[in-house]
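Asker: The transmembrane segment annotation in TrEMBL covers A:26-48, A:69-96, A:116-140, A:147-167, A:207-230, A:251-273. Here TrEMBL flags A:71-272 as domain 'ABC transmembrane type-1'.
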Amino acid sequence: MSDTAFASRLPTALAATAEPAWVRRLLILTTLGLLGLLVLAPLAAVFAESLRNGIALAVASLGNRDALAAIRLTLIVAAVSVPMNAAAGIAAAWAITKFDWRGKALLITLIDLPFSVSPVVAGLCFVLLFGANSLIGGWLVAHGYPIVFALPGIVLATMFITFPFVARELIPVMTEQGRAEEEAALTLGASGWRMFLTVTLPNIRWALLYGVLLCNARAMGEFGAVAVVSGKIRGKTTTMPIMIEMLYNEYLSVAAFSMAALLAALALVTLTLKSALEWRYADQLAATHRH
Amino acid sequence: MHIQIDEIAKHFGPTAALHPVSLSIPSGALIALLGPSGSGKTTLLRILGGLEFPTSGRVLFDGQDATGLTVQERRAGFVFQSYALFRHMTVFENIAYGLRARPRRTRPTGPEIDRRVHKLLDLIQLPDIGARYPAQLSGGQRQRVALARALAIEPRMLLLDEPFGALDARVRKELRQGLREIHDATGLTTVFVTHDQDEAMELADLVVVMSMGQIEQIGKPAEIRAKPKTDFVRQFISA
């Protein structure tokens, strides 16, 4: 009798960290429920709303001149700011993880600043700094290079907002990997540049890719800071998120939701791309990461 | 190659890792730098390899001042403590790395690199592991691959930082013999760092006992056992 009672307790006692089945089920259901409510349902609603009056109307609403200009502007802003932030992120992560210097702690705090400052405030700062009434901005406008209410301002604001993504992904990976492999490359005669290309970069490529994808998603979706610096000039400085808000405020809901669905689709494409790459290089990942 | 260390000191900020130390390493010798952690032995090894630069003093290779030579110019075969194999490359590519990194003028051709890598794989008695990744090797195999990679550049000297530190006792004994054989076969001046006095005494021609950034005693293993110069040496080797 006592034997069977003992035996029935065995399966749950196999691992000290294993929770009872009902706890596990509760955790999984809570997570799935929240994901469904907060992520999947809104996403589905956006696509459903944009297609409510048929796909032809949705596509047509994206085909007008202003909409196309917004799509083009968003892609240009991402294409400029993401590579620049990737390079800046690698440089910052390198400076923080590969050698010791005074002010390192300050740099780490500064990298996080864009996460804690409201995007609207960031936008206003750029207007103050580069607006036509400022010292720098006035001079630049006089020489025909306006920053605010023009492409450079939008790129600057986007770079500010998305600066932390790449560096934040790289710093833990580069800290964990240490300097030994790079030192080994140098003792084997590699130049600093060769060491970077053949040892550092391959070792951080997955973190870098993930950082770049996050950075890209945010760069295309940024609203607050861009809304302030762009001046919302229709067809000229409106990016997709700003265009969506304008259309929505004008009760053009099919156009607004079609644009929103397209923006969401762009984000989904980047996520799919990441999963596809992970699947394609699964064996390589397994071989190089043992934890 | 004869290595002369002449009054080398190293400071990290306000702390002295090495007080001025001097040491002459005869060409072709197998030398152990023996001491507890924090004794400055690894710092001294890294200075020889060009990974750190001394605050003062000189390093001479065959009588030539080598203090200012860059790490690449040193041509030291360096084996790191946890081997530092390139985890995203196969064993073959790891060993070929130094040859491929050479300037075009002196770079061997593809077939020649192939031949040399296979020769080194034979030397470390692991002829069939070229296609594997470091993560798929045992600790002992990794150490031997690291040794082969260091030898591939035809180094002027061999520097090893705790080469047996990460291995279990049985493998450690085996690989000690392996290092001795490779040293005798290549005739390279070899310096290895260890905190294990058995290892130093058994393997080295000459043992340099270090403590607190200073050299306590230099001598043949038998000499150090028979006549420890300082209290520290006596205590350390009887521990």
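Note: Cβ is positioned from N, Cα and C throughout, glycine not excepted.
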Asker: Between the transmembrane segment (A:147-167) and the transmembrane segment (A:26-48), are there three or more C-beta pairs closer than 8 Å, counting only pairs 6 or more apart along the chain?
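Answerer: Since fewer than 3 Cβ pairs under 8 Å link them, the transmembrane segment (A:147-167) and the transmembrane segment (A:26-48) do not come into contact.
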Asker: I'm a bit unsure how to read this: which one of A:26-48, A:116-140, A:251-273 has the highest number of Cβ pairs shorter than 8 Å with the transmembrane segment (A:69-96)?
Answerer: A:251-273
Asker: What stretch, picked from A:26-48, A:116-140, A:207-230, has the most CB pairs under 8 A with the transmembrane segment (A:251-273)?
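Answerer: When the Cβ pairs under 8 Å are tallied, A:207-230 comes out ahead.
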Asker: I need to check the long-range neighbours of the transmembrane segment (A:207-230): which residues 6 or more away from its ends have a CB within less than 8 Å of a CB in the stretch?
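Answerer: Counting only partners 6 or more residues beyond its ends, the transmembrane segment (A:207-230) has Cβ contacts under 8 Å with 74-75, 77-78, 81-82, 85-86, 89-90, 118-120, 122-124, 126-127, 148-149, 153-154, 156-158, 160-162, 165-170, 172-173, 201, 237-242, 245, 263, 266-267, 270-271, 273-274, 277.
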